[in-house]
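Notes follow once the structure below has been shown.
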């Protein structure tokens with residue numbers, strides 16, 4: 001027997017993991033999700049307490065359980081509870097759609113607003129109001145308007161030659177949004193000033209003031225129908241972020257996946273636009289915040305963006321109805337908060353996007 005030292009057995013080679021490149025600092029999943037759940041529950045309870053008719057924690061809990069002061073029960077169950085549920089639904093849908101668009105186009109600047117989806121969906125909803133259509137038909141018009149807008153943006157941006165793809169996508173979205181805004185303004189001029197114009201103004205400013213449980217009944221299933229495919233396809237979307245060639249090598253059909261993701265994200269966006277009107281900046285800013293917390297992997301980014309978007313819009317809506325004697329439209333507050341934060345993101349982008 002030879003006395004030479006034996007060579008150490010070689011470890012089998014393995015393919016690198018898709019999510020191997022992760023940020024150095026990131027919150028662990030269990031503490032993060034526990035904190036998000038507790039924070040959302042606290043925000044919901046606080047939103048039920050606050051308003052022109054303030055309630056104590058005991059009164060709020062009693063109203064939720066169906067006992068105590070009758071007026072408190074009416075305020076909590078008929079007015080504030082539908083509004084809280086709508087804020088959670090709208091915020092989650094817009095943030096999840098924004099995260100999906102950013103992953104799909106591999107572009108941190110895209111969102112339902114910048115791609116013209118919100119403007120197109122708003123135009124569809126306004127056209128439905130102008131034609132005196134029922135609520136379900138208005139939601140269908142909003143979906144068609146949003147889908148048409150994002151399709152037009154994609155086609156025009158792809159047809160542009162000799163221009164940076166990111167710049168072409170953003171500029172095309174701005175142009176399509178401007179065209180949708182011009183068409184919406186024309187409908188406002190032609191609308192009945194006593195019957196249709198107030199409803200149209202509601203859609204354009206964004207508000208949850210008149211939302212009821214009956215309004216949530218058609219919107220919630222439509223949003224779920226949009227978000228469930230995104231959740232089921234989260235790992236394929238993660239692969240698509242590597243590029244079309246790599247995705248095809250891993251067995252992912254990029255073209256078909258893009259079509260499904262665009263349709264699903266647009267359905268979620270259009271459904272909440274039909275419910276609350278045009279609420280900007282949520283789909284652009286919140287995905288970046290979620291990315292800072294959980295990293296770029298879409299499997300974690302999607303639920304994180306949805307949860308943070310729900311909490312963010314709930315806080316903004318609570319401020320909208322409590323910080324002044326007259327309720328402030330949601331679109332104004334989200335712009336005031338979102339625009340400075342996005343400027344900070346642009347400054348941070350000099351050192352690399354999140």
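Numbering starts at 1 and runs along the chain as displayed.
Placement of Cβ uses the backbone N, Cα and C atoms for every residue, glycine included.
Any TrEMBL annotation is an automated prediction that lacks curation.
For 32-55 (among others), the entry in TrEMBL reads transmembrane segment.
Taken from TrEMBL, the feature transmembrane segment applies to 84-105 (among others). Note on the transmembrane segment (84-105): residues 40, 44, 47-48, 111-112, 115, 117, 169, 208, 211, 213, 215-216, 219-220, 223, 226-227, 230, 237-238, 240-241, 258, 261-262, 264-266, 268-269, 271-272, 275-276, 279, 282-284, 286-287, 290, 298, 301-302, 305-314, 316-317 of its chain, located 6 or more positions outside it, place their CB under 8 angstroms from a CB of the stretch.
Counting residues 6+ beyond its ends, the transmembrane segment (114-135) has Cβ neighbours under 8 Å at 97, 101, 141-150, 152-153, 169-170, 173-174, 176-177, 180-181, 183-184, 187-188, 190-191, 196, 199-200, 203-204, 215, 218, 265-266, 269-270, 273-274, 277-280, 283-284 in the same chain. Annotated transmembrane segment per TrEMBL: 114-135 (among others), in sequence order.
According to TrEMBL, the transmembrane segment annotation covers 141-160 (among others).
Annotation comment: TrEMBL describes 167-191 (among others) as transmembrane segment. Long-range contacts of the transmembrane segment (167-191) within its own chain (CB-CB distance under 8 A, at least 6 residues past either end) are made by residues 105, 107, 109-110, 113-116, 118-120, 122-123, 126-127, 129-130, 145, 149, 152-153, 156-157, 160, 197, 200-201, 204.
Per TrEMBL, transmembrane segment is recorded for 219-237 (among others). A Cβ distance under 8 Å defines the sequence-distant neighbours of the transmembrane segment (219-237), meaning residues of its chain 6+ beyond its ends; these are 86, 89, 92-93, 96-97, 100, 103-104, 139, 143, 247, 252, 257, 260-261, 264-269, 271-272, 274-275, 298-299, 302-303, 306.
If you look at the transmembrane segment (257-286), the same-chain residues 6 or more away from its ends with a CB under 8 A from one of its CBs are 86, 89-91, 93-101, 104, 109, 111-114, 117-119, 121-122, 124-125, 135, 138-139, 142-147, 150-151, 154, 202-208, 211, 215-216, 219, 222-223, 225-227, 229-230, 233, 236-237, 240, 247, 305, 308-309, 312-313, 330-331, 334-335, 337-339, 341-342, 345. The annotation transmembrane segment is assigned in TrEMBL to 257-286 (among others).
Among the features that TrEMBL reports, transmembrane segment is placed at 298-316 (among others).
What TrEMBL lists as transmembrane segment is 328-347 (among others).
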Interface-richest range of 141-160, 298-316, 328-347 toward the transmembrane segment (32-55), CB pairs under 8 Å:
298-316
Are there residues at least six beyond either end of the transmembrane segment (141-160) with Cβ under 8 Å to its Cβ atoms? List them, or say none.
112, 115-125, 127-128, 133, 168-169, 172-173, 175-177, 180, 222, 262-263, 266-267, 269-271, 273-274
